[in-house]
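Please read the structure below before turning to the comments.
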């Protein structure tokens, strides 16, 4: 506050540097690196099928516990983020990933799944906190007309973790042969090291009030929050017609993982090839996110038109890929599995399923990036979007919890494929309706941040203790 100007807040002028520490770009890169180390490595671990074990039962039960608690704390995570702020929320969330990987190291020696199930439940709590914070940052920090590019940037960095994580089991288990029952201890230890680094990296994340776009606008309205306010706002989400239209897409967006990881990668390929396949599965996600991000930011001048075109493209690509999956699935079943394939096998026996698995990764990134873009187009400030993305992750995780139990109950592979195909297909027209009804071309959206050139200093003077407190007066 400047006494010479009558107590009016002083306009801060952002540095011209592209990589300002308090710029949206750098902060999105940082949260991408955090997710590279934590959920990126988790994805590599899950993508091996059965958590790297020959029997997927323990991993299925752990994932059910994970997604059950994730469903609850995904919804609550947005409110917790608004109260505690990003550092405390993300630090608590990331620490649970290390515990989860450690539980499979324990299982490798003692074959007791109780620890893995409890660790999965804790990870669900942590993942709900992490992804609510990540979603708020990724969708609210970018300028309104560049959200697709920022989403694709994050998704590429995040999925690079899956690529590197896929190399870990491939290299460490390369010479163990196709009869190896599970990955070795070094694989789980490698995952734990990366996850620990990601946990420490959360301390580099700035509070939203300190993040300033290049045009001088703030990324948040700095509306002070509390537990009672957040409880009311979270309950309102279940009656919000915009959120209800996203439910089928959210439910479907993690439902297909159990089928793809266990019943395609796990059922068709030997241990070392599963790791190699994951390198390409998560690499395909990097390609898919860039493709859809560019399309939804630059294809047309109208933001509404870009959204509709993006949804249409994903629908067409998805139909083609699931159709290819159906052709592949008709060749084997749960009770009639083929001989495990190795990447050194010649001919179409390996090439066809490999290309299909690669395509599943491509579609996953396009589908989820599309949903994030639509949610990000509904509002511009981190307070609102933390709740929206938390709701999305909560519903997504509820679907995931059901999916892992579906596989545990030995539902036929073909039935699972058809269910996934139908659920994703139903979501497209609903998202298109949401874009038509709620996405505006003039950026006058709910919870819009301060306009260009407006004062972005806090409405309430900041505390002398400039720590990473939350948005609540009580913290």
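Placement of Cβ uses the backbone N, Cα and C atoms for every residue, glycine included.
Pulled from TrEMBL:
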- 448-475: region 'Disordered' (REGION)
- 21-45: transmembrane segment (TRANSMEM)
- 65-83: transmembrane segment (TRANSMEM)
- 90-107: transmembrane segment (TRANSMEM)
- 113-132: transmembrane segment (TRANSMEM)
- 153-174: transmembrane segment (TRANSMEM)
- 186-206: transmembrane segment (TRANSMEM)
- 239-259: transmembrane segment (TRANSMEM)
- 279-296: transmembrane segment (TRANSMEM)
- 308-330: transmembrane segment (TRANSMEM)
- 350-378: transmembrane segment (TRANSMEM)
- 418-439: transmembrane segment (TRANSMEM)
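For the transmembrane segment (65-83), same-chain residues at least 6 beyond its ends with a Cβ under 8 Å from one of its own Cβ atoms are 89, 100, 117-118, 120-125, 127-133, 135-136, 225-227, 230-231, 233-234, 237, 254, 383, 386-401, 403-404, 470-472, 475. Contact between the transmembrane segment (279-296) and the transmembrane segment (308-330) is supported by 3 or more Cβ pairs under 8 Å, counting only residues 6 or more apart in sequence. By the Cβ criterion (under 8 Å, sequence separation of 6 or more), the transmembrane segment (21-45) is in contact with the transmembrane segment (153-174), since 3+ such pairs are found.
Of the recorded ranges 113-132, 153-174, 308-330, 418-439, the transmembrane segment (239-259) has the largest number of C-beta contacts under 8 angstroms with 418-439. For the transmembrane segment (153-174), same-chain residues at least 6 beyond its ends with a Cβ under 8 Å from one of its own Cβ atoms are 25, 28-29, 31-33, 35-41, 43-45, 47-48, 52, 134, 138, 180, 183-184, 186-187, 190-191, 194, 271-283, 285-286, 289-290, 293, 365, 368-369.
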